[in-house]
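Q: Mind looking over this structure? Questions follow.
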């Protein structure tokens, strides 16, 4: 994860904009103030109709039209600057302005959504905490931010989401699953780019040690200064220029800015330390000597890349194939927040699909080609357009999605997310713009879900090209390639160094191996160039691993010959779907949380049966001992059928117990009543959580019915069509033995 990087503070910004009066929302320039000379467009204004209340489609579009126009104009300017090869500083300013206008547009879109489309987060989080879905870890010691423990219900839900993922991807696609260590030696992550690029600048309160992310703090401080009425136009312009380039500043430049603008701790007002680079990985040392630095892995992908040769061999040397891994990853976030959305330890599920770069076609693409889903292309984003619902096949044909392999996985991701409970209407696939792309990706689409925090990334689907395999092959001198049979043999001219092991060994002793490894990987152009130097001067120099070696004619020759090839080596490209399971869980919580009509106190989660923590409850109508043999019989039968269930034989009305099981998302409820005891064959009622409708069936049939419902083999409508609806008991307590 994907490795997935979060969409920062969108929800907070949206909430902030919701609190602002319409007159301020109507002038985003007052919020952003980015007059960037050649890198900005004229200020925009909104109709007076802008308000916090929801409005119909036509009214909303009237409000959004000027914002869309502003984004489109800025996008055109960015393209023109790039075409004209303008100075990079001007391009960066224009891109920063484009991002700012996009944020205003998106915030306004969220503000105009219907009120009934917004979940009551406070009520939902109260339910989650009260029923121990999850809670802050180490709570009795005061807790640690960004770390969470899952309770019985949350753990069951998480396991079911993972098991559904395994069935949907690993079993369906015959993916090779592996389980790699979480401890990773430093050279691996140095090669992958994480050691150098997986970092943010951080400042500390010099008195209490509280940490802040430097760029976020500087931005908030400058925006506060700019909002002061006493701030001059010249000073505002200067600060706007700083904000526009905020992502491009180095450590010393940030330090100078903190001094120039007298930035203090926003909590205490204390002085701050100079910015320091803070790597987001948890560093440790492997072994007692402390000589082998390592990290807790920031993603699960690297373990798959390092085992590529073994996996290729397991697959009989054939491409394409895919490998997957599910496990915990770690990121030492400076200021984690927003519950499960931004945490320090999280579960990922990642797939690495290895494919011949010249054959990026998926044989099963037609299985998903007719899916219609919301796509938000990079082109649409810079044009100020919204996500557009498209047929997946059309998106590939029109070049919106680059190839059918990427398209196939986008379709499969969509089917999985909707299967586990995410609303299709609150799900979109957004393409990364060029300046957003991770260091390893050449194309990337994020599955984003709409939540009370705004749009958040829950799955990344990246085309990593051959970045990782190439990097690890260079670092280890181990070729991470696949062999592709040629249709016809071909003869090629080969030019290679022919070193004298004895002469080189005598001259360079222990370093001889370095020299030999270097000479073995040189290409034809380099060899020809060195041959000329060898003929002219009798020697040439090479440099490897920071050391320089001089080679003479008695140490090396150049050999030329012809070779017939029957196979060619290819470095596979990688398509990587990366799932953040915690974020998926949180989205499922929001998209399935409901309040019963007419009763604000009765809340429930409408989890799909396939992922519900318990598939059904077993509820005796009362504590009458006549019911207990049937409860035991039914519970044992459900266990034999592999159906997770919860017996609730506590005191309290049956309605109250229904409400308790609904609150934790139990999909169905079996009730043992007096008709169960008094009539033969013995029957019981089966209740559907969402509709609250009930049918009556024989006890012997109920385990199979619930099993089929939980596995998705039948629907509740199928059950109602087959069995009579339950209207009420026909017998009562008086016909049974008194309690």
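Backbone N, Cα and C atoms are what each Cβ position is placed from, and that goes for glycine too.
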Q: According to Swiss-Prot, 299, 576, 577, 578 bind glycine; identify which of 350, 524, 626 is listed for that same site.
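A: Matched candidate out of 350, 524, 626, per Swiss-Prot for glycine with 299, 576, 577, 578: 350.
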Q: Which residue among 29, 35, 45, 606 does Swiss-Prot mark as phosphoserine?
A: 35
Q: Among 166, 583, 596, 602, which is the one Swiss-Prot gives for the ATP site where 331, 332, 333, 342, 343, 457, 458 also bind?
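A: ATP site check in Swiss-Prot: besides 331, 332, 333, 342, 343, 457, 458, the record includes 583 out of 166, 583, 596, 602.
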Q: From the list 487, 501, 547, 679, pick out the residue that Swiss-Prot labels N6-acetyllysine.
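A: Record says 501.
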Q: Looking at 108, 158, 204, 283, which is the one Swiss-Prot tags with N6-acetyllysine?
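A: Annotated as N6-acetyllysine in Swiss-Prot: 204.
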Q: Taking the Cβ of residue 458 (ATP binding site) as centre, how many other Cβ atoms lie within 10 Å?
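A: Residue 458 (ATP binding site): 28 neighbouring Cβ atoms within 10 Å.
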Q: Neighbour count first, Cβ atoms within 10 Å, every protein chain included; then name which of 332, 578, 700 tops the list of recorded positions.
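A: Answer returned by the neighbour count: 578.
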Q: If you run the three-state DSSP split on residue 332 (ATP binding site), which class comes out?
A: coil
Q: Pop the mean pLDDT for the domain 'WHEP-TRS' (63-119) in here, whole number is fine.
A: 78
Q: About how far apart, in whole Å, are the alpha carbons (Cα) of residue 453 (phosphotyrosine) and residue 342 (ATP binding site)?
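A: Distance between the two Cα atoms comes out at 12 Å.
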Q: Just to verify: the residue among 350, 457, 576 with the fewest other Cβ atoms within 10 Å, which of the binding-site residues is it?
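A: The binding-site residues 350, 457, 576 were compared, and 457 has the fewest Cβ atoms within 10 Å.
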Q: Distance between residue 299 (glycine binding site) and residue 331 (ATP binding site) at the Cα atoms, whole Å?
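A: That comes out at 9 Å between the alpha carbons.
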Q: So how far apart do the ATP binders 331, 332, 333, 342, 343, 457, 458, 583 get, largest Cα to Cα in Å?
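A: 19 Å is the greatest Cα spacing among the residues binding ATP.
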